[in-house]
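Feature annotation from TrEMBL assigns region 'Disordered' to 1-29. Sequence annotations record features per position, and here TrEMBL assigns domain 'Aldehyde dehydrogenase' to 30-343, 401-499. For Glu245, Cys279, the entry in TrEMBL reads active site.
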Amino acid sequence: MTSPFTGDDSAGVPNGSRPGDATSRTGVTECDAEVAGTVPAVVARARAAFRAGVNTGPDARRRNLQALRRMLRENRSSFEAALHNDLHKGRLEAGLTEIDAVLGEITHALRHLSSWLRPRRARTPLLLAPGSAKLVPEPLGVVLVMSPWNYPVNLTLSPLVGILAAGNTAVIKPSPDSPDTSDLIASLVPTYFPDHCVQVVRGELETSRAVLRERFDHIMFTGSGPVGRIVMEAAAQHLTPVTLELGGKSPAWFDEDAHLDTAARRLAWAKFVNAGQTCVAPDYVMTTPDRVPALVAALERAVEELWGTDPSHSGDYGRIINTRHFDRLSGCLDEIDGEGAGEGAGEGAGASGTGPEVAFGGVRDRDSLYMSPTVVTFPTARFSDGDAGSTPAVGTGAGWALLREEIFGPVLPVVPVESREQAVQLVNSWDKPLALYVFSDDPDTHRYFDEKTSSGAVVHNAGLIQVGICSLPFGGVGASGTGAYHGEDSFRTFSHMKPVLTKPLVPDTFPLLYPGTREPVRRLLGLMQRRG
């Protein structure tokens with residue numbers, strides 16, 4: 001299943017009002033049509049800058065990466081303030097998941113750029129000897145970055161690291177739903193990149209449409225599946241390659257041998273950081289029915305340990321981005337709290353005939369966009385038959401939307417299943433997720449989930465941390481995305497690995513390939529070709 005709620009609307013209008021009325025703030029352009037009209041000129045400047053070589057040579061690439069690093073370091077407090085205003089992120093979270101994450105990418109790129117730029121030798125078959133072959137990385141040209149609101153520094157500037165390292169110029173279209181951060185990036189970029197190497201376009205729906213009408217050499221989009229399809233369709237008009245980082249329902253398995261409190265603490269942090277608005281957050285957790293009470297109690301202890309008895313007073317607990325997303329999440333919980341949960345469950349309810357229940361949390365305040373960490377328990381998953389391909393029954397009420405759609409908020413469903421085999425069956429009945437988390441001390445259980453499921457990444461006994469490892473590619477599979485970036489994978493994504501073959505004129509071995517070659521020689525050439 002794909003969902004329209006994956007840090008979405010990078011290519012759309014703001015998703016509703018927020019404190020301070022985002023539609024009146026400077027980050028959301030009052031006249032979107034006027035901004036849209038400037039887009040062709042912005043792209044033309046970016047292409048002219050690329051042709052002028054402002055970021056082509058190794059030294060230029062290093063200078064621009066260093067400029068990006070200075071921009072973050074010299075304006076760190078401003079970035080922290082913007083992230084707090086947009087998402088109520090505390091300094092620790094703003095550093096760990098946003099600013100320092102990008103700085104780490106920059107350091108990694110500067111450290112390895114020389115080796116990435118080095119041509120890679122390719123073996124030349126004996127049939128073509130003497131000769132040499134190599135792969136030479138070359139820049140693609142002008143790359144578009146369309147970033148979401150949920151990690152507006154990381155998911156905007158982390159791709160930019162690879163784009164600059166690969167020698168390209170960039171046009172950035174940040175989300176209007178994180179206006180303070182988008183404003184800040186847009187105001188700083190011309191100062192640190194005065195030669196149009198990097199440009200920012202702010203705006204809403206018409207601006208996004210105008211951007212997508214332009215021809216780029218690559219498009220990097222992070223957001224929802226529905227908007228990703230729009231981006232891909234627009235890119236097809238110019239045959240532009242795309243990298244799509246989407247989302248989905250990333251599952252977690254809590255095994256009977258998992259260390260209860262340690263695993264619950266890691267699971268709670270991975271789910272509720274940034275108020276659950278993370279594309280790789282655990283979207284639901286499966287465990288056996290007998291483990292549910294202990295897991296729920298451990299999660300409640302973990303929440304209190306991490307954010308206190310009342311997370312609304314914690315400086316480290318986030319807020320929902322706007323009223324649209326708040327109302328969507330709150331509607332699911334309202335349905336569970338009322339009589340409609342049992343009725344809406346219908347045939348999707350478990351063997352007991354009951355629907356989902358709020359185990360703890362559920363506290364919310366629309367004015368401040370606060371929603372407490374919440375755990376919802378579901379009936380034991382029931383399958384239509386014993387076949388591996390059978391689909392679990394899912395109810396139709398609003399509460400059951402938590403299992404039908406990506407949640408993208410601080411609500412964690414606990415879904416009892418009878419065994420790890422049923423857990424895999426449940427995972428495989430839906431679209432391939434961006435991540436899968438396995439909490440177990442048993443290596444055999446790790447291997448079982450590794451081999452029996454398909455996902456963008458698998459993490460054993462932790463959550464989210466795979467995103468912070470520069471040497472690992474970050475990307476989805478199937479409905480959760482296409483392509484990958486981070487570290488060298490970013491460099492390769494935004495480069496063309498051009499084959500270069502050199503064949504000397506003397507000695508001239510080509511007559512052996514021409515018509516008229518004698519039969520014994522032809523047989524020998526065929527043997528050489530087959531052996532590679």
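Glycine residues also receive a Cβ, built from the backbone N, Cα and C atoms like all the rest.
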Cβ-Cβ neighbours of Cys279 (active site) (radius 10 Å): 28
Integer Cα-Cα distance in angstrom, Cys279 (active site) to Glu245 (active site): 9
Model confidence over the domain 'Aldehyde dehydrogenase' (401-499), averaged pLDDT: 96
For Glu245 (active site), the number of other Cβ atoms found within 10 Å of its own Cβ: 28
Counts of helix, strand and coil residues, the domain 'Aldehyde dehydrogenase' (401-499), according to DSSP: 37 helix, 24 strand, 38 coil
